[in-house]
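The active site annotation in Swiss-Prot covers 170, 290 and is backed by sequence analysis. The active site, proton donor annotation in Swiss-Prot covers 220. The annotation domain 'FAD-binding PCMH-type' is assigned in Swiss-Prot to 26-191.
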């Protein structure tokens, strides 16, 4: 079965859709084909159809820590945000990949379960959090993830334990293969609901105070080099406020690049490269991007 057969059967398949509608930077070129599967069965059908059509497949979640180049993405783009069910069972939380990690964290808190407080201000999806071992305020996804369920490009469903995912700083095994996170289980500890929710609300308030949430951005742009913090490095190098096109190193938090209006992905990438070049020259440090960069060059 091919993609157009699925469309004829009622699956919502869109063509030539600007991905800037979905990215947190509000930049990015078009998807040749775009689909939002609601179930694992639909996702499997899309994978099989794209394979039949010999189309490349790109899977994304909430697009919060992502830059899509201005030429867009060829083939089929699958956005998982409609696969967003969250269930709490005893001391575990089960969440589909498209669920927001914020919502998953608050579901745990409302159930009096502790361990996901750190994620209360992370805007990404559960799948994205597992994929990159997302973290904040001293916590990381690996600290409480019990297992992750994935589907291969051939439609095989597999489950990995925490240890099998080989987590490290902003990294997991899933960055090295083509498998797609479809769900995750978090093993948490019973705690005092009010205390847990207070901590989550505090971290959210801290995020609002420190981060430039008033502008579109892709979140933290660079990985933290050992022994350094990115924001202070950029300030010391005179880069805070540096702007190329509509992309600017935030004047509120130099670790963020914001869209001040009309920015393109190329503006973002040119500013990233300028920052990397400047820091390499001044400090001898090669900054690595935390943000995922995809699309046609």
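Cβ coordinates are placed from backbone N, Cα and C, and glycine is handled just like the others.
Looking at the residue listed as 'active site, proton donor' and residue 290 (active site), their Cα atoms lie 7 Å from each other.
According to DSSP, the residue listed as 'active site, proton donor' is assigned to a strand segment. Long-range Cβ contacts of residue 170 (active site) within its own chain (separation 6+, distance under 8 Å): 132, 133, 134, 135, 223, 290. In the three-state DSSP assignment, the secondary structure recorded for residue 290 (active site) is coil. Other Cβ atoms within 10 Å of the Cβ of residue 290 (active site) number 19 in total over all chains. For the domain 'FAD-binding PCMH-type' (26-191), the mean pLDDT of the prediction comes to 97. The 10 Å shell around the Cβ of the residue listed as 'active site, proton donor' contains 22 further Cβ atoms across the protein chains shown.
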